[in-house]
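*Asks:* According to TrEMBL:
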| type | residues | note |
| --- | --- | --- |
| COMPBIAS | 277-289 | compositional bias 'Basic residues' |
| COMPBIAS | 290-300 | compositional bias 'Basic and acidic residues' |
| DOMAIN | 31-234 | domain 'Brix' |
| REGION | 268-306 | region 'Disordered' |
Amino acid sequence: MDALDRVVKPKTKRAKRFLEKREPKLSENIKNAMLIKGGNANSTITQVLRDVYALKKPYGILYKKKNITRPFEDQTSLEFFSKKSDCSLFMFGSHNKKRPNNLVIGRMYDYHVLDMIELGIENFVSLKDIKNSKCPEGTKPMLIFAGDDFDVTEDYRRLKSLLIDFFRGPTVSNIRLAGLEYVLHFTALNGKIYFRSYKLLLKKSGCRTPRIELEEMGPSLDLVLRRTHLASDDLYKLSMKMPKALKPKKKKNISHDTFGTTYGRIHMQKQDLSKLQTRKMKGLKKRPAERKAEDEENKSKRIKKN
């Protein structure tokens, strides 16, 4: 049995609090990412990992030492680091003759690799090469995906889900307009993925809604898809399962349309419209002759019934 898999009983209150933080919860903590260098990482890969770490702060851990591992052949070291640092996302960078400037991005489920995708870097512009103002640490980005491949191809669909998981940041209930500070834009075109980062500038427009301008902030990456290791449909469905306690309880006679409008159905007893009190008008009053005719009809009906 692995040392990390043993049942650990806390001896101090501090250790007890630490273990309670790592226990399964109904609402999980914010997903952290670990950024790992391979045994033969070059300066480009090192700088890419630093820039991604700058975007992920404070929800990331950057390992500065080189780690000799191959994720597609042996995943035990990644699972070890994931359990040690409590990270469910990872990015691994390496460089060799067969696969130069290689990035592997993936995620974990129950401290085991769920799926990972290998990307090759063809062009890279660093954060420090673009001399513009940067966003503060911990800013939640807006994510934009352009290209039909993200909706049509299975590999690109999983890559889109993985990138959303990696860069989405904390879940928030309310959004402030001034808090929308930068955009991450992913474009799939001609077998390549273009990753761009822009800072959002709110300018005066003369009305309530400000005029928006985009200023490139960096980093900038041109990526190409290489190998993939995707989870089976059953495992993927299991990882997306929602606890029963978080599922909204169904309310009877309430429905919603595609735009989120709520409709309610009310059940009422059958109404006798003849007893309905309407507005009295002289023009609607019955004449004496009409009243006599009605009374005679009612009498004849009663006689027939008897």
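Yeah, the Cβs are placed from backbone N, Cα and C, and that goes for glycine too.
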*Asks:* Please list, for the compositional bias 'Basic and acidic residues' (290-300), how many residues fall into helix, strand and coil according to DSSP.
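*Replies:* Counting residues per DSSP class in the compositional bias 'Basic and acidic residues' (290-300), I get 11 helix, 0 strand, 0 coil.
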*Asks:* To what whole number does the mean pLDDT across the domain 'Brix' (31-234) round?
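*Replies:* PLDDT averaged over the stretch: 90.
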